[in-house]
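Copied over from TrEMBL:
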BINDING   101, 214, 466, 467, 495, 506, 507  FAD binding site
DOMAIN    259-273  domain 'Glucose-methanol-choline oxidoreductase N-terminal'
DISULFID  403-458  disulfide bond
């Protein structure tokens, strides 16, 4: 077990506000998005090249809403322009959040750290040895073994009683059964984020600008066989415009790591996307690429709230049941649990309840994959505005079936001997379902009552667990090396390239991918 000293914010000499950027600058690599993938990628590339990392948000350091586990949920409820979390509502009526801070989603998530399965790694075509080394590089700095309290222990034992076997103890690995996963919160309850991975950067090779909003990628077209990315336009907080260009050199590139919403959005704003859609926004088409913004998926999450007669510890996701039928069972408890397992309106709803009602936790299930997909479109030409995104939750009947089986497993946990002390006997299973169904979890109309099948409960109470992905998928928008098809000197490296969400929770794999691709790109750079 790691012993962690009291957290002191790193004093990064290479980090500036974008207002101090010159109007024109040149680098070997320009990375758009200092998030879960962008930070490890920038730290790695800076070892042997000059790197500009542009982040639209601010620094995560010294902000209790980000750094303290006990104030989890507060960042998601903060709707101000300076919030590290930007709320968006999908066309499906589910309230969601995207990160707007250095460190990305790792600054506002519930902290669970777990690797992708061996099958996932094989299917992605990744080199297993380098994947393993890259995970270990990340874990050295940000991953910890959690201390399990009584409530999480009861959920773990309840999962085993419910038949989610075997017991796999504490592990980062994705294996069937019940396990305790890692966490990015240390023993003192301090969050460690992807921004901490910048500690490994070469300070003379890296420049990070905060509050730098990238408006478009610039392409050189004249005399080129294919459009070639060669610069970016970004604006600082005052609205002043800056341009950064790639230095001369065949290996230099622009890399978009702006997340599953930001990356397809930026490609479209830059003229790479479905031609008709771009023309409708008066955007000059650089490349007609109809698959940009397609394949958007969000793993549906459904939870059951269980009031507890006993006080429970504050915990975010620590235990997971990985089932054979394709649903992952997780849990969160204590006074901040509403943010841990639910969407922001639930946080507000729970905050208005009296304290005894508030005591308890959520057991939730997340559908793996998912199979259902949707699409993303621009609403405006402003990169700071949310695009329009539709996830089509439960469009595929198999996703709905997995949700039903997940909810049935939650019932078995709640009815288990292990969990008995943490529930009121008079609150029967139908009452618990009804209580949950009546909470304002999303913007969808309510139909569910206890006489109805669980399929209706799943559809009525669907929420997000913030694992959305797609929009720039491998084989459709980028190749196996994450190079954007049809243009030169441009890659996308982040969760927008995924066809499925990796593991039970993706952050470990997104950080790993940043490191992994950084190592690969550098070795290609140094090869000739």
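The backbone N, Cα and C atoms fix where each Cβ goes, glycine too.
Around residue 495 (FAD binding site), the same-chain residues six or more apart in sequence whose CB sits under 8 Å from its CB are 36, 37, 259, 260, 468, 469, 501, 506, 510, listed in sequence order. Neighbour density for residue 467 (FAD binding site): within 10 A of its CB lie 25 other CB atoms from the protein chains shown. Note on the domain 'Glucose-methanol-choline oxidoreductase N-terminal' (259-273): mean pLDDT across this stretch is 98. Each residue contributes its Cα atom, and for residue 403 (disulfide bond) and residue 467 (FAD binding site) these two points are 16 Å apart.
When other Cβ atoms within 10 Å of the Cβ of residue 507 (FAD binding site) are tallied across all protein chains shown, the result is 29. Shown in sequence order, 300, 302, 394, 400, 403, 404, 407 are the residues of the chain, 6+ apart in sequence, with a C-beta less than 8 angstroms from the C-beta of residue 458 (disulfide bond). Taken residue by residue, the domain 'Glucose-methanol-choline oxidoreductase N-terminal' (259-273) breaks down under DSSP into 11 helix, 2 strand, 2 coil.
The Cβ of residue 466 (FAD binding site) lies under 8 Å from the Cβ of 96, 97, 105, 109, each on the same chain and at least six residues away in sequence. The number of other Cβ atoms within 10 Å of the Cβ belonging to residue 403 (disulfide bond), over all protein chains shown, comes to 28. Shown in sequence order, 32, 54, 56, 232, 233, 234, 258, 266, 383 are the residues of the chain, 6+ apart in sequence, with a C-beta less than 8 angstroms from the C-beta of residue 214 (FAD binding site). Its Cβ taken as reference, residue 101 (FAD binding site) is surrounded by 28 other Cβ atoms within 10 Å in the chains shown.
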